[in-house]
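To keep things clear, I will list the structure first and then write my remarks on it.
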Amino acid sequence: MVEEHKNKKRRQEDGPADVPEKKVKVSKSEKKDKKEKKEKKEKKEKKEKKEKKEKKEKKEKKKKYEHTATISGSAQSSQGYTQSESLTNLPQSEIDSFLATNEVTIEDPHSLNLRPLLSFDQIQLNSKISAVVNKFPTPTPIQSVAWPYLLSGKDVIGVAETGSGKTFAFGVPAINNILTLGKSGLSVLCISPTRELASQIYDNLVDLTSNTNVKCVCVYGGVPKHDQVKNLKNANVVVATPGRLLDLIEDGAVNLGTVDYLVLDEADRMLETGFEDAIKAIIGGTKKENRQTLMFTATWPQEVRKLASTFMNQPVKVSIGDRDELAANKRITQIVEVIEPFDKEKKLLGLLRQYQSGSKKNDKVLIFALYKKEATRIEGLLRRNSYNVAAIHGDLSQQQRTNALNSFKKGESSLLLATDVAARGLDIPNVKVVINLTFPLTVEDYVHRIGRTGRAGQTGTAHTLFTEHEKHLSGALMNILRGANQPVPDELLKFGGHTKKKAHSAYGAFFKDVDMTKTAKKIKFD
């Protein structure tokens, strides 16, 4: 008994004996749960591994892209413009004579002092472009001065009258860069204020790229989007009006992230017509770094200066002619008649008999109305009087406007009736006479209207009908007439000089100029 007690105590101290474990029975549902948990864990680990791999690949791809971009940037830099020996050897007196004759002023914050090109053999371009530009005798003044700076990769502001060869001024360096650097995808964007001007720029660029594989596309409102969206695929150059381009961006049809050559043509016109916010939004979508920006404008008002200072990098400003001072082309004979408002239609018919009689029967005459309804009414008047007239204004479809413009250019119609949509930028050759049936809202528009004649070194005539309704503009008009050495009629003098002569005829003597060398500052409000 005592021995049994001792053995029992010993067993308690030594611990439990090695006895076989009893198996616990696991239910099917528990097995299923365990399996699902295991699969879920494996799936999660697999997903994390995949994400980690993708993240690594993305990082390596970005690094590779940045490296490529650096190489491309240095290649572009090494491709920088080199002045030809023949241009370098020209005497300075010849350069000075060119600058003085063409009233060229250059403001260069980089102090590069690049000489203007006086002939095409002084510039080295891709052979496919040279074949096109060599068809012209010499570069225009804006091309001569702008090309060296643009080919050097600088931002440029060109202040020059319309019809001065601005499309090739920015188009030649743009296409040359695409061909030389072997760029693919969307690289060049040109924004234009009107459908007609956008189409004109597009046609010129198509001619320039006719020997290349560079794809140019034009997008504007007034026509269906479908074909434009289709054409945008694989485009290298896009010419667009601001409204339609914004629509296409919002639709996801175009991505401007690769655009490194941005052109604003007729910048002053776009600001006048309320496109400032659209322009800023479009610029915001383009490439931020290493973007080359160009702005072409016929005038240089404060609004344009401010816009340029916000998104351009120390631009070189090139002015052809006295563009700070609003002035009319001196090759245009300006005639101003003060009449009663109700005499306009009768007077118009008399002027057409005067300017389209005898040997002048087929001379091109451009008539400006102020409003669309007025244009429609006058078009009917002229047709009733057996005149073959074409018309362009906002109530017409894009196809109708294009047909009318082509008809006038080809001489099928010798009369073109237009609202101010045609006053800026359009290249309409050989217009002999401009008739202002109704005076425009500003003298700036007056100067641009009459600038449709007297182009490319030719002379022209501008005949303006002025009424008491516009007398508040009489002083500004007199300044324009005197500045171009044109007679001021006594009837106009009777209205008095409502606008005094100032240091700047359009913007006064006390506007603040903008320093282009300073970057924009961010203002934070607490």
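Every residue gets a Cβ built from N, Cα and C, even glycine.
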Have a look at 118-144, 280-306, 334-360 and point to the one annotated motif 'Q motif' in Swiss-Prot.
118-144
I'm validating the feature mapping. Which of 109-112, 233-236, 265-268, 517-520 is tagged motif 'DEAD box' in Swiss-Prot?
265-268
What is the number of other Cβ atoms found within 10 Å of the Cβ of Glu161 (ATP binding site)?
19
Under an 8 Å Cβ to Cβ limit, what residues of the same chain, 6 or more beyond the ends of the motif 'DEAD box' (265-268), are close to it?
162, 166-167, 170, 190-193, 197, 201, 295-301, 303-304, 307-308, 424-425
Within 10 Å of each Cβ, count the other Cβ atoms, then let me know which of the binding-site residues Ala160, Gly165, Thr167 comes out lowest.
Gly165
